[in-house]
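Peer 1: Take a look at this one; I'll ask things after.
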Amino acid sequence: MLLAIDCGNTNTVFSIWDGTQFLATWRIATDHKRTADEYHVWLSTLLSLTKIEARISEAVISSTVPRVVFNLRVLCNRYYDCRPLVVGKPECRLPVAPRVDQGTTVGPDRLVNTVAGFHLHGGNLIVVDFGTATTFDVVDADGAYIGGVIAPGVNLSLEALHMAAAALPHVDVTKPQQAIGTNTVACIQSGVYWGYIGLVEGIVRQIRLERDSPMKVIATGGLAPLFDQGFNLFDRVEDDLTMQGLVLIHQYNKDLE
């Protein structure tokens, strides 16, 4: 079985792929101090609790946190006797090479998302990912990543507001009933929610103008469903887009062997 690992700035997600479907998906807070042994104990406990008899023999990793990759490699080598494929490393090939400025480093999660997006929905595509950052990644008709946009993430914006303004509380993002808030919490929630609706609409509109194409739009990330409530911002929300991309990239590299 394949162990797919997506390490983001906030959370690290582990999924077990049996060749046809994901048997389980778990997440843990990203911590560069967490050892391979700790990962193994955590994974083994979850596998036991869910009664999944997973004989992991392969692994693929995408990580936006370089310091975590070493211990994830050790986890795969020591406990699953496999050498993981790491997206972004020279040994990892992509179906279509990115078409960006020479020397540009593209986050592996963004590349993984575009591979999955193209596979599922074809080219001329915008992938919006609501993560620690809110990213917009553009795929051309051939399936190549050609660039995108990076904006502060929703929760990051809320945290920054709370940290910079002593009188403003930390609040959870939710869809407000109206734009005009009648208390401080409602005002913050309204500003963030409607602000990000406008952000998505504006950036998508500008990308379409620059590409002179209608461009399909898909969204992923934990907060994507919250912004998909009656606004027709997205053609589709894909909950496990990154994991699907990791599986596709792993299979593509196996086929090249």
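Every residue gets a Cβ built from N, Cα and C, even glycine.
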Peer 1: Quick check on the annotation: Swiss-Prot has Asp6, Cys7, Gly8, Asn9, Thr10, Asn11, Thr12, Val13 binding ATP, so which of Thr132, Thr134, Thr135 does it put in that site too?
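Peer 2: My reading of Swiss-Prot gives Thr132 as the candidate in that site.
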Peer 1: Specify the nearest of the binding-site residues Gly107, Asp109, Arg110, Asp129 to Thr12 (ATP binding site), where nearness means the distance between Cα atoms.
Peer 2: Asp109
Peer 1: Where the record says Gly107, Pro108, Asp109, Arg110, Thr184 bind substrate, what is the longest distance in Å from one Cα to another among those residues?
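Peer 2: So the binding residues stretch over 38 Å, Cα to Cα.
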Peer 1: Let me know how many other Cβ atoms fall within 10 Å of the Cβ of Pro108 (substrate binding site).
Peer 2: 24
Peer 1: Inside 10 Å of the Cβ of Asp6 (ATP binding site), count up the other Cβ atoms and send me the figure.
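Peer 2: Excluding its own Cβ, the number within 10 Å is 26.
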Peer 1: How many angstrom lie between the most widely spaced Cα atoms of the ATP binders Asp6, Cys7, Gly8, Asn9, Thr10, Asn11, Thr12, Val13, Thr132?
Peer 2: 14
